[in-house]
Amino acid sequence: MDQIILQDPELAQAIILESGRQIDKLELIASENIASTAVREAQSTILTNKYAEGYPGKRYYGGCEYVDIAENLAIERAKALFHSEYANVQPHSGSQANMGAYFALIKPRDTILGMNLSHGGHLTHGSPVNFSGRLFNIVSYGVNKETGLIDYEEVAKLAEKHKPQLIVAGASAYPRIIDFSKFRSIADTIGAKLLVDMAHIAGLVATNLHPSPIPYAHITTTTTHKTLRGPRGGMILSTEDMGKVINSQIFPGIQGGPLMHVIAAKAVALGEASKASFVTYQKQVILNAKTLAKQLLDAGFNLVSGGTDNHLLLIDLTNKKITGKDAEKALDQAGITVNKNTVPFETLSPFVTSGIRIGTPALTTRGLCEQDMIKVANWIVTALNNINNETQLKEINKEVTYFARQFPLFSW
């Protein structure tokens, strides 16, 4: 930071303030995590200077012999970690990984059957405001209204009726195990391809705490942050025979030069994820989520699907007569960061919402365990029961700040 402070004090101030926010607040946004010092060091290296259009051994620029080493390390580690024949580590984000995968499997105006955004899907699974909804014909499936679980019978019926060329499984706000074998069976019945977006659960899949989609999906995409705890970026996994077409759809299809400093950081994160300590970490992520779920259920809060099998919970606040927007604001005042989130069969705008999504990856990285999550749950309950009581929220904030400062940002 020394050079930033000297050369750009305005930016330095923003970074310092953000550092303080991350230290002093409890991060419960399910898609966020805390990268290790090694990951961040790799991302800030001199590799950022190097253009490397193409792939290892087949570049359009000279001088790529050392960045080739970095990219090959990331590729081989990804393949080993997920037991995949092929890996592309160049996508700049999960959205670009999905875009490249779509173009590798189908054509514009083809039909995609994907999960409804308000039921837990993702923008890139067919939202009309996203490229996926603009370039492709979209049919959406959802969850059962009574159980909150993916309605596989509905998926099968919609597939039979609309004959999509591609079925997308995976979610951004679904707290239960996904049965990829059922999705593949449905896809095979109608001759469709199956894409699995495992961005949220990649860390759990890597440690065998969630069934792997690799044996079932024609292509699997993921981000490299979230539960995988790496730099922000994307990745594609598939069979060797799909490699050539996927590579061409990423470069030159939708990207130019890869970000070699980020790819180096991906290599570091994938190496970290192969260690025994990462398995212990992921187990704790789930234990913490289940503890949080139990405490909130006991306090009278409604959880979509009644609980969680993974790293996140989706809280429907309708019975509390609180909007997600107001809950997010109150919790932020109390020192707890969450995001407002639509819930299945949502009646409010996505800028207001009826729910909040919370997750445990970041707090688990800081070293919190089940006992600590009971405290966190109590603060959440108290804050949401007093959303208009600024004095109470400020008091919680003081307690949260003192508590949070007992934990380093990265403890693994």
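Residue numbering: from 1, along the chain as shown.
Yeah, the Cβs are placed from backbone N, Cα and C, and that goes for glycine too.
Here is what Swiss-Prot records for this protein:
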BINDING   LEU117, GLY121, HIS122, LEU123, SER349, PRO350, PHE351  (6S)-5,6,7,8-tetrahydrofolate binding site
MOD_RES   LYS226  N6-(pyridoxal phosphate)lysine
SITE      HIS225  site 'Plays an important role in substrate specificity'
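This view paints the features noted in Swiss-Prot onto the structure.
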{"residue": "LEU117", "record": "(6S)-5,6,7,8-tetrahydrofolate binding site", "Cβ within 10 Å": "25"}
{"residue": "GLY121", "record": "(6S)-5,6,7,8-tetrahydrofolate binding site", "Cβ within 10 Å": "24"}
{"residue": "HIS122", "record": "(6S)-5,6,7,8-tetrahydrofolate binding site", "Cβ within 10 Å": "23"}
{"residue": "LEU123", "record": "(6S)-5,6,7,8-tetrahydrofolate binding site", "Cβ within 10 Å": "16"}
{"residue": "HIS225", "record": "site 'Plays an important role in substrate specificity'", "Cβ within 10 Å": "27"}
{"residue": "LYS226", "record": "N6-(pyridoxal phosphate)lysine", "Cβ within 10 Å": "27"}
{"residue": "SER349", "record": "(6S)-5,6,7,8-tetrahydrofolate binding site", "Cβ within 10 Å": "10"}
{"residue": "PRO350", "record": "(6S)-5,6,7,8-tetrahydrofolate binding site", "Cβ within 10 Å": "14"}
{"residue": "PHE351", "record": "(6S)-5,6,7,8-tetrahydrofolate binding site", "Cβ within 10 Å": "9"}
Where HIS122 ((6S)-5,6,7,8-tetrahydrofolate binding site) and LYS226 (N6-(pyridoxal phosphate)lysine) are concerned, what is their Cα separation in Å, rounded?
14
For (6S)-5,6,7,8-tetrahydrofolate, with binders LEU117, GLY121, HIS122, LEU123, SER349, PRO350, PHE351, what's the maximum Cα separation in whole Å?
17
Secondary structure at LYS226 (N6-(pyridoxal phosphate)lysine) (DSSP, helix/strand/coil)?
helix
How far is it from PRO350 ((6S)-5,6,7,8-tetrahydrofolate binding site) to HIS225 (site 'Plays an important role in substrate specificity'), counting Cα to Cα, in Å?
24
Going by DSSP, is LEU123 ((6S)-5,6,7,8-tetrahydrofolate binding site) part of a helix, a strand, or coil?
helix
